[in-house]
């Protein structure tokens with residue numbers, strides 16, 4: 001029986017691990033990131049993959065740095081025939097990449113060579129793409145640059161956010177892996193080199209990308225809001241306080257106004273002027289120190305009115 005070591009960390013990886021187990025492979029170990037403090041109370045929380053592995057009775061390793069020789073040797077001691085990774089979060093050393101007879105493969109949430117890196121789901125929406133997908137490829141020492149083994153496309157609906165698209169891609173990745181692993185083992189898979197000229201990148205989201213720049217067109221800001229939901233969430237500033245924007249709708253500007261100016265306050269949202277004489281309706285927000293709420297509930301308590309401005313020149 002093929003011995004597999006699985007390496008992954010967040011929710012995206014859980015269905016991928018489950019598929020390997022359900023397909024009858026001998027998953028001899030799971031490698032994931034260490035437990036991390038989470039939430040306001042900083043409670044030490046295990047990664048979702050660790051919880052799933054323990055539930056399934058599979059041994060778990062949690063190296064701080066997998067590239068340290070002692071940690072690498074622990075994984076090699078499991079004698080894997082194949083290593084499968086999905087959103088693991090660390091680069092593997094050559095010693096590990098070279099060991100398994102069937103190689104090391106990665107389940108990546110984009111149509112490579114587009115959107116290499118740690119945040120491909122975010123960038124697919126931020127860039128306004130209408131489709132993305134999952135690629136399974138051999139791992140090499142360069143980030144997401146190995147030969148491709150299989151791909152599947154996934155449509156991006158206009159109402160998708162990172163959360164909904166994440167779930168679609170996770171399921172698609174698990175199904176694609178189920179089809180691909182047998183072909184790797186029997187040698188029928190045909191690797192395809194990536195075109196480096198077409199490579200684009202999706203590095204981890206930075207704090208400055210979360211800030212809404214109201215001078216940009218409404219379409220761009222709509223993609224920003226859904227491309228940062230449920231994490232890390234786009235924000236603006238109102239009266240010197242952070243206001244997170246969880247959800248919005250595209251809408252027409254009823255009159256010309258300065259970008260960031262509240263044009264109208266309606267029952268179902270706050271219409272804000274954006275660049276190029278466009279507008280965005282904020283439908284779900286979160287004031288500093290409070291829970292997220294429907295815009296109509298926020299409006300009731302905040303005394304918002306047309307003509308007020310969101311955002312300041314000094315917001316950084």
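One is the number of the first residue shown, and numbering goes on along the chain from there.
Cβ atoms here come from the backbone N, Cα and C positions, even for glycine.
On its own chain, residue 113 ((6S)-5,6,7,8-tetrahydrofolate binding site) has 144, 145, 194, 195, 196, 198, 199, 200 as residues at least 6 apart in sequence with a Cβ closer than 8 Å to its own Cβ. Per Swiss-Prot, (6S)-5,6,7,8-tetrahydrofolate binding site is recorded for 110, 111, 112, 113.
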Sequence-distant neighbours of residue 111 ((6S)-5,6,7,8-tetrahydrofolate binding site) in its chain (C-beta under 8 A, six or more apart): 131, 132, 133, 135, 151, 153
Other C-beta atoms that fall within 10 angstroms of the C-beta of residue 112 ((6S)-5,6,7,8-tetrahydrofolate binding site): 26
Protein Cβ atoms within 10 Å of residue 110 ((6S)-5,6,7,8-tetrahydrofolate binding site), excluding its own: 25
